[in-house]
Amino acid sequence: MSVMFDPQAAIYPFPPKPTPLNDDEKQFYREKIKRLLKERNAVMVAHYYTDPEIQQLAEETGGCISDSLEMARFGAKHAASTLLVAGVRFMGETAKILSPAKTILMPTLAAECSLDLGCPIDEFSAFCDAHPDRTVVVYANTSAAVKARADWVVTSSIAVELIEHLDSLGEKIIWAPDRHLGNYVQKQTGADVLCWQGACIVHDEFKTQALTRLKKIYPDAALLVHPESPQSIVEMADAVGSTSQLIKAAKTLPHRQLIVATDRGIFYKMQQAVPEKELLEAPTAGEGATCRSCAHCPWMAMNGLKAIAEGLEQGGAAHEIQVDAALREGALLPLNRMLDFATTLRA
């Protein structure tokens, strides 16, 4: 008897935390990375959720700090022949799909994502086959194989608009892998959405009880929430959006204190945007509960200075992203559909 994969029941082992570096070691690796970037004709692209010192280095070396899609876009347009992707593995894959001629290096290929892990291709493909009348929309936080099985790829920044568009065409949707984001777009659009039941281990930990207590301590604070969070958290929010949208909301909201319900890595760029405001972490533990991620992705934390230097210096199978040519072609189609759709939204 076969047992259907249950993303909600899956427990993913966390990687060990990187060994802390002292100030001299940090300076040594910073200088080494700067030298290696020049020698390899490389540029560094980092996600908002990496540690502040990694984002700072990306800025100092002319790189990019953004969400996964903009990271890949930046890399595709940049003249560098090599991209150093500080993030998790699917981000490196997306960069390779959009820039096949470039060398894509990562500090470690073991930097996973619970959304990616929670959507294995064989089980997901069978799920799609069981609902052949539905259009398959997958979040960017998926493997190249899952993207290749989809009709559309989407980021949180345009998810609502895309589902509205598909709903206007009378299409029924399979959404994967994040159930919270899928439920959010369904409620925003009223579309017929069948959700795969994955979740982000960071956002899934935000707790309403603890958040309510924090709001009592800071009654004048606005709450900014990423839509990968549970519905009960989203319903408390003053602003809901992707990483880039939350940074914009921090600038436009009049509140002097902001409670932020997403990975705390975003605080680096958000504080730059609003230096006069106080940023507060939304709690990830409730009554009698403890947190596993504690508002920081453990795989993002693998992108340390030493690992980045090793990735640039060593390259090879331990650090270079490869995507099968057939998979790349399959994944490029839904990615390009998304890019074209995003362009029409800006027009």
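Cβ atoms here come from the backbone N, Cα and C positions, even for glycine.
Annotated iminosuccinate binding in Swiss-Prot involves H47, S68, Y139, A140, N141, S156, H226, P227, E228 plus, out of the candidates T61, T82, T212, T243, the residue T243.
C113 is the only one of C64, C113 that Swiss-Prot places in the [4Fe-4S] cluster site (with C200, C297). Residue environment of C297 ([4Fe-4S] cluster binding site) contains 26 other Cβ atoms, counted within 10 Å of its Cβ in all protein chains. H47 (iminosuccinate binding site) and C113 ([4Fe-4S] cluster binding site) have their C-alpha atoms 13 Å apart, to the nearest angstrom. Only C200, of the binding-site residues C113, C200, C297, have a C-alpha within 10 angstroms of the C-alpha of E228 (iminosuccinate binding site). Within the same chain, residues at least 6 positions away in sequence whose Cβ sits under 8 Å from that of Y139 (iminosuccinate binding site) are L115, V153, V154, T155, S156, A159, W175, A176, P177, D178, L181. Within 10 Å of the C-beta atom of H47 (iminosuccinate binding site) sit 27 other C-beta atoms, taking all shown protein chains into account. Cα separation, C113 ([4Fe-4S] cluster binding site) to N141 (iminosuccinate binding site), rounded: 7 Å.
Within 8 Å of the centroid defined by the CB atoms of C113, C200, C297, the record's [4Fe-4S] cluster site, lie the Cβ atoms of Y49, V88, S114, L115, N141, I201, V202, D263, W299, M300, excluding the listed residues themselves.
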